[in-house]
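For reference, the structure discussed in these notes is given below.
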Amino acid sequence: MNFIFFGTSNFAVDVLRILIDSNYTPSLVVTMPDAPSGRNNIMTPPPVKVMCIQQGISFIQPISLKKIDDYGLDILTETRRDLFIVVDYGNIIPSKLLNLPKKSSLNVHVSLLPKYRGASPMQSALLSGDSKTGVTIMEVVEKMDEGKIVAQREIDLSQKKLTFSELAEISAKIGGELLVSSIPNWLEDTNKGIIQDESLATYTVKFDSNDGFIDSSIVQGISTGNVAKEAERKVRALNPSPGTWTLITARDKEIRLKILSSHLEGDTFIPDKVIPAGKKEMNWKDFQRGNLRQ
């Protein structure tokens, strides 16, 4: 099979590795440009680019697919591919490119569509305290996440309190496996997909740092009950990015405190690992001893 893989993140790397291990190696990879990272804003290649270099796979990094240059367009159109596969690419693919392959493109979406369309399906499922979520292989169409459902598999969230990173790892594995099992039938037209029920569609938003704020009364165990449970879910859902944090007054100073992990004791929220502004990661109890106790 001659296909192009569109992907950028570590999640996309995990899916691509499963494809390659199953003898589906892309003829070309399209990934996002290098971007500044860290405190010193060092230009850093995306994880998929790093993998391509290691595996000897050809890749391009267009700044925009809507305004792709002649060189990039020539590479995409030099041979009519069987399929495009899109996994956490990070940019919209215009219809003029989606129409290039012989078959409609496939995408890995980390929810049970039509629920949780949009940018943050995993975070939204964890924040809501859902008992299940899942992975969908869907046809890529111009409207966001509205294509036909080609395959789905559920993930049980009721037995263990998964973090975002844990859920992403599980979802990538399932996404890769579902792609491998779906591709032959999709190419042979024996799986035509199922139209989504628009009446069941819900949409997610992209979270930012403000969404990660947790009131200090919850962090210090003053406010308990539902607000504590919501805060614990928030820590699992929004770390490592955009992160969760609070403002705590200690020794007559207001300290911004990142909360990396937490748990519940009954109805009380208990931080585990924290990072005070300008300092290194530490246990919550050590922070308390040094700052909150007389």
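Note: Cβ is positioned from N, Cα and C throughout, glycine not excepted.
Keep in mind that TrEMBL annotations are predicted by a computer and have not been checked by a curator.
The domain 'Formyl transferase N-terminal' annotation in TrEMBL covers 1-181.
Residues or ranges marked as (6S)-5,6,7,8-tetrahydrofolate binding site in TrEMBL: S111, L112, L113, P114. Under 8 Å, Cβ to Cβ, and six or more positions away along its own chain, S111 ((6S)-5,6,7,8-tetrahydrofolate binding site) finds R117, P121, M122, S124, A125, T133, G134, V135, T136.
Local packing around the binding-site residues L112, L113 was summarised as the count of other Cβ atoms within 10 Å of each Cβ; on this measure the leading residue is L113.
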